[in-house]
Amino acid sequence: MSESSLPSWHGTTILCLRKDGRVVIAGDGQVSLGATVIKGNARKVRKVGGGSILVGFAGATADAFTLLERLEAKLEKHPGQLTRACVELAKDWRTDRYLRRLEAMMAVADKDVSLVLTGQGDVLEPEDGIIGIGSGGNYALAAARALIDIDGLDAETIARKAMAIAAGICVYTNGNMIVESL
């Protein structure tokens, strides 16, 4: 079987949103290889930086952990400066031959800012404070945008509802959610 005909790893829907001074990152638990579910309870959302930063990652697992380790190192070097740490990581990502081949994306957030780190080494801040990445990211993003202005729904409720909608549409997303908030 040639490398290009090998089944690819799929999975992960990560959603980050802000509402009423709260920030939430939610991730599903499914990892698939081709049409097979390999794991249903993977943890793709974490707190780092002493619990002050939320991270959700999508893409190849080993690559995502490599980037997470690099981000943690940048945060140690630039404590309390999430944007600067992400920009420094992006610089490395663009210039390091090894990192350039990593296939992963991350959504990161602290109390002030939410950012996407793309597979091309970009750092993007969404204009509406809502991020959706991974196989079901666009579904979760659309659902969160539809729910965000509804009175009585807090950030975690919106995240859970949006992720449930994504899980109902995307075959690479399940309903086993991990939610972290600040």
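The chain as shown is numbered from 1 upward.
A Cβ is built for glycine as well, from the same backbone N, Cα and C atoms used for every other residue.
As written in Swiss-Prot, here are the features:
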ACT_SITE  Thr12  active site
BINDING   Ala167, Cys170, Thr173  Na(+) binding site
Helix, strand or coil at Thr173 (Na(+) binding site) [DSSP, three-state]: coil
Those residues of the chain, 6+ apart, with a Cβ under 8 Å from that of Thr12 (active site): Gly27, Asp28, Gln30, Val31, Ala42, Lys44, Phe57, Ala58, Gly59, Ile133, Gly134, Ser135, Gly136, Tyr172, Thr173
Ala167 (Na(+) binding site): secondary structure state under DSSP, collapsed to three categories: helix
All-chain count of other Cβ atoms within 10 Å of Thr173 (Na(+) binding site): 30
Tertiary neighbours of Ala167 (Na(+) binding site) (same chain, Cβ under 8 Å, six or more apart): Thr13, Asp28, Gly136, Thr173, Asn174, Gly175
